Amino acid sequence: MYKKILIRYGELVLKGKNRTTFIKQLGSNIKEILNTEYEMEFDRMYIPYSEENLKNLKYVFGISSFSPVIETNKNLEDIQSAITKLINKNASTFKIAARRNDKSFELNSDQLNNLLGGFVLKNSHLKVNVKNPDQIFNIEIRKNSVYVFDKSINGIGGIPVGISGKVLHLISGGFDSPVAAYLLMKRGFKVDFLTFVTPPQTDETTIDKIKNLTKVLSRYQKESNLYVCDFSLISSYIEFTEFKSFKIILMRRSFYRIASELAKQNEILMISNGENLAQVASQTNESMAVIGSSIKNEILRPLLTYDKNEIINLSKVIETHDISILKSKEACELFAPKNPVTKPTEAKTLRIESKLDELKTYEEIVLNQKMKKFAI
């Protein structure tokens with residue numbers, strides 16, 4: 001019955017001079033994620049109808065809504081025939097919503113509403129209710145075809161992945177960082193991932209968990225990378241510092257310096273993470289400022305103001321929850337001190353780092369010799 005799926009751009013039509021670029025990126029993403037061709041018009045796109053395409057459109061950012069449509073010719077009998085195919089036996093009331101985009105068509109929208117409404121009244125059990133109908137028959141008169149449909153499915157909104165460039169995202173096995181990655185994609189970032197492990201304390205189970213999380217997230221983008229960094233050389237070195245309360249601050253500053261160099265190698269400008277204000281000791285205002293001061297890159301924190309319940313609920317929506325809830329050994333948790341500093345200063349942190357003579361050398365070794373890359 002259905003021949004095509006009509007896709008509406010939503011936010012993209014508001015982007016002025018960048019509009020064409022946004023829509024081309026959306027088309028490219030649809031082609032990659034759904035492995036299908038598309039037809040593009042000013043305010044919408046069409047792809048071939050299939051149940052698989054209908055299901056997978058929920059993974060494409062930049063779509064306001066979409067509808068499976070019957071495509072028919074520009075004559076009244078064919079339009080009536082299409083409406084007949086859509087009549088729902090469980091509905092009691094209906095409304096006709098005609099839209100004449102092609103002004104050369106002989107009937108205007110009001111005339112179409114009246115004629116087609118009369119047809120449905122005469123040829124079905126349905127009664128008219130324009131305020132709260134059970135079923136709405138939408139008829140769009142376009143230049144080359146007429147499209148008839150009775151449902152509109154919400155897309156996930158946002159803007160197309162890739163339009164905002166790339167970001168290197170620090171991911172762990174918890175709830176927060178996968179959700180943060182999703183939100184970055186929603187604002188047009190293509191995301192590469194970096195995770196830190198400390199074998200033998202963290203084993204292959206932990207790495208597999210991270211890989212599985214990135215695979216779920218890869219439904220929203222194609223051809224990204226996961227970098228797995230063996231951080232054990234540095235974690236062992238920092239473990240024996242006399243300033244025990246600063247261990248996590250020192251580790252995370254080291255994380256960011258390594259991430260910054262990796263981003264530079266891959267021509268990525270920004271670093272991101274799943275940090276949430278005041279959730280743990282390293283996420284106080286002072287801690288984040290000191291950790292962030294270790295690099296010049298902009299650090300994006302999409303979850304900064306989210307409640308934990310909001311994060312968990314979103315993880316269920318994007319289907320990372322059931323992976324994140326599995327037990328694993330995270331680097332920061334394994335080496336967290338009993339009494340971590342919550343209000344560090346940059347001056348004191350720099351004094352401590354100045355006493356760690358081998359830290360810079362170890363960071364270079366880890367970056368160049370202890371990094372594995374996986375295509376997702």
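Heads up, the Cβ atoms here are built off N, Cα and C, so glycines get one too.
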One of Gly162, Gly188, Gly274 listed by Swiss-Prot as binding ATP at the site of Leu170, Ile171, Thr195, Phe196, Arg252, Gln283: Gly274
For the binding-site residues listed here, Leu170, Ile171, which shows the highest count of neighbouring CB atoms within 10 A? Ile171
The record names Leu170, Ile171, Thr195, Phe196, Arg252, Gly274, Gln283 as the residues that bind ATP; what is their largest Cα to Cα distance in Å? 18
CB neighbours within 10 A of Gln283 (ATP binding site), counting all protein chains shown, number 20
Kindly report the helix/strand/coil residue split of the domain 'THUMP' (51-152) according to DSSP, in that order. 35 helix, 31 strand, 36 coil
Measuring CB to CB from Gly274 (ATP binding site), give everything in the same chain under 8 Å that is also at least six residues away in sequence. Leu170, Ile171, Ser172, Gly174, Asp176, Ser177, Pro178, Val179, Ala180, Ala181, Arg301, Pro302, Leu303
Mind giving me a neighbour count for Arg252 (ATP binding site)? Other Cβ atoms within 10 Å of its Cβ, every protein chain shown. 24
Across all chains shown, how many C-beta atoms besides its own are within 10 angstroms of the C-beta of Phe196 (ATP binding site)? 27
